[in-house]
Each structure stands twice: as C-alpha cells, then as structure tokens.
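Q: Before I ask anything, here is the structure I am working with.
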Ligand code: NIG
Ligand code: FE
C-alpha cells in the first residue's frame, strides 16, 4: 500500500543532496511517498508519483520525527517539592536521585509500566518517533534488570545505567558497588540493554570507575555512552571520545580541550536544555561546539529530578533562545543529531529507504518550534 503526502509547504528531509542544499535539505511545495513502513520517494509535488491513497497536507510543514536520545523514564514518585526548593535557591547536586530510587524499588512492575507508557505517549504526541531510555533508579541487580525489561517492551534503545549514583546501602563501600555494577548486575542486565552509561561527575562516579564499568560493558557487547560535565568540569568527556562512545551527554562545563577532542573524534555531544532550565545551571554555549565542528544532538533528558519535560519543542525553543543555536541547527540536532547519538542511520532523515517516521505541523515552518514556544504545533505523527 502506497500513500502520497501531497501539498507539503515545507518538507525538511535532513538530506543535504536535495532541496535547498542546506543540512536540512528543505524542499518547498513538496510531496512524500510512503510504501509500507518506509519512505519510497521525496521531491517537488509537481513530480509526485501515483499512489494508492493521497493525503493533502494543505501547505503545512512536514519533518523527520524527533529522535530523543536521552531520557530516564522508568521510575516512580514525584520531586516537585525538590524543584520548588531549587527555584527558591537550593542547588542541584543529584542527591534527590535517592528519593526516586526508593520510590522505584517500592513500585510494582505494573505501576512502572503505566508511568513509562504515560511518558511515551507524551513524547509521541510531541513528535518524538524514536526514544532512548535508561535504567538507573533501581540500583540493585533485580531492580535494574526489571527496569530494563519494562523499557524494552517500548523501545529498542535501552541503556543500562547501574552506575547512576552509589546507592545509600553501599555508601560505606563504593568499590563493592562498582564491582557489582561491572559484575553480577551487568550479567543480569546485558541481554535487556543495547547501551551502557555511567554518570561520570562530581558526587557520582570518577573517570577511573567510569572507564572500568564501561569497559566491562563493552566486553559483553554493550555500546558505551556517558553522562559527563553536568555538575562541573572533569575528564569524562575525553573518556567518552577515547572509548568511541556514541554520545556524551550534558557537557555543560565542557572545556576547550574537551571540545577539541570531540571535534577530532566520533562522539556526539548531546546537549540537554531541560536540565539547565530546571536546575538553573549555566547555559552551555552551543556555538563553541557547532563552530568547532562537533556533531551536536538535543534531547529531553526527561527524568523526575533535573528535567521533567518530554517536549522536544520546548528544548528547541530554549536551545535557540539561550544556547545560541539557529532554528535550523536546533531542528537538525533534535532529529538527525539524535539519530547519530544512537548510531542509527534508518531514522532522522526522510529519504527513499528510510523508516517512515515523520511529523506534520499545524504551521508553515519548523521555525515555529522556537517562534511559538510552548504551543502544541505537532498535528500528526506517523511512525513506520
Ligand atoms: O541526566 N545526571 C544524572 N542523571 C539525571 C538526573 C537524575 C535525577 O536527578 O533524578 C540527569 O540529569
Ligand atoms: Fe540523564
């Protein structure tokens, strides 16, 4: 069955070989042909092929679905009081993670599944067609494994984050916890995850612990990604590049040496505007990354502590307003950039052979995500 989406005012393809030749590969007055779960053709509407069915887009914009490459969606509980305290001047140091760990261990699998499904629905309604999610609020072998099994039912992009923080029950023997994360816990989780991640930052894990844990994961076939540079500068970003991690995330305190290492390597820098917004942290200057040639992604970091948003549109608006992205760079980072951060070449681009994952806006241009902040402009979401 073929479907032609016709009369698209602005089609963003992320294929620089078509349309205006920019990285977004914008075709105006365009059409898009879907065959089954794949894109079959894109081009000017005047050249559109025949199809079994035709859907008119009435001159609106069509873009690749968002690829949210960083979220923490398997959890229970609420930390609105912690957020309110922060807005009254309390600093964020990750200490609240323990609150969510306690609530998550308490919760039934059904409750965790229902909360994940609720958040996945929010993501989808906001235009996200691929999302990653992590464990990291269980921090025991059975609770981490349970979180990943629950996540796996909704996305193939699952990440083992047993090394989120040292849990309270191990505070007097962190080495034992590091050995557990890289040993029995990893063995229980490896079949339920694609990725392994470590929170390598002040108050979490240092660079030697992170290297040890990530290497153990790599040895059993997981691929590395890393949280680093959120709470202060450190060696985590360069560790990610040295291990050829797919992505290093946050990078709020990236140094010039970090940015040079990123530009020379294959690791994407994933910036998380929701985290700076919700923790009142300084904005990373995206120009430093972009102008040095670093591949940059934008993601929600949705989690109950530091960034409780599922809205990529909101993240784009903040990235443009406060981090120095142009609207075009922010859109690319939220779509093709996210796909790179997950090492996926089947999503994030609208071209023949790619997955038919796209969104239609109730607006004439993708620029409206930043121009009309907070407005639900995603009208239709097509997933495969
Ligand atoms: O990405 N940085 C570590 N983890 C999360 C926050 C977790 C929490 O506060 O619950 C983050 O910001
Ligand atoms: Fe995170």
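Cβ from N, Cα, C; glycine included.
Straight out of TrEMBL:
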BINDING   70, 72, 227, 301  Zn(2+) binding site
BINDING   70, 72, 227, 301  Fe(3+) binding site
BINDING   79, 137, 164, 230, 306  4-imidazolone-5-propanoate binding site
BINDING   137, 303, 305  N-formimidoyl-L-glutamate binding site
DOMAIN    62-371  domain 'Amidohydrolase-related'
Q: Which ones, of the binding-site residues 164, 303, 305, have a Cα no more than 10 Å from the Cα of residue 227 (Zn(2+) binding site)?
A: 164
Q: Least buried of the binding-site residues 70, 72, 79, 164, 227, going by other Cβ atoms within 10 Å?
A: 79
Q: Give the sequence-ordered list of residues that share a chain with residue 230 (4-imidazolone-5-propanoate binding site), lie 6 or more positions from it, and have CB atoms under 8 Å from its CB.
A: 199, 201, 250, 252, 253, 275, 281, 306
Q: So which of the binding-site residues 70, 79, 137, 301, 306 sit close to ligand 1, that is, with a CB under 6 Å from an atom of it?
A: 301, 306
Q: Pop the Cα-Cα gap between residue 72 (Zn(2+) binding site) and residue 137 (4-imidazolone-5-propanoate binding site) into the table, whole Å please.
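A: Roughly 9 Å, rounded to the nearest whole number.
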Q: For residue 72 (Zn(2+) binding site), which of these binding-site residues sit within 10 Å, Cα to Cα: 79, 164, 303?
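A: Checking each Cα against residue 72 (Zn(2+) binding site), the hits are 303.
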Q: Does residue 301 (Zn(2+) binding site) have same-chain partners at least 6 apart in sequence with Cβ under 8 Å from its own Cβ, and which are they?
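A: In sequence order, the residues whose Cβ lies under 8 Å from that of residue 301 (Zn(2+) binding site) (at least 6 apart) are 70, 71, 72, 249, 250, 272, 274, 275, 307.
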Q: Kindly point out which of the binding-site residues 79, 137, 164, 230, 301, 306 have a C-beta less than 6 Å from some atom of ligand 2.
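A: Going through 79, 137, 164, 230, 301, 306 in sequence order, those close to ligand 2 turn out to be 301.
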Q: Can you tell me how many other Cβ atoms are located within 10 Å of the Cβ belonging to residue 306 (4-imidazolone-5-propanoate binding site)?
A: 26
Q: Give me the count of other Cβ atoms within 10 A of the Cβ belonging to residue 303 (N-formimidoyl-L-glutamate binding site).
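A: For residue 303 (N-formimidoyl-L-glutamate binding site), the count of other Cβ atoms within 10 Å is 28.
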Q: Please compare the binding-site residues 137, 305 by how many other CB atoms fall within 10 Å of each one's CB, and tell me which has the fewest.
A: 305
Q: Could you round the CA separation between residue 164 (4-imidazolone-5-propanoate binding site) and residue 303 (N-formimidoyl-L-glutamate binding site) to a whole angstrom and send it over?
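A: Here the two Cα atoms are 13 Å apart.
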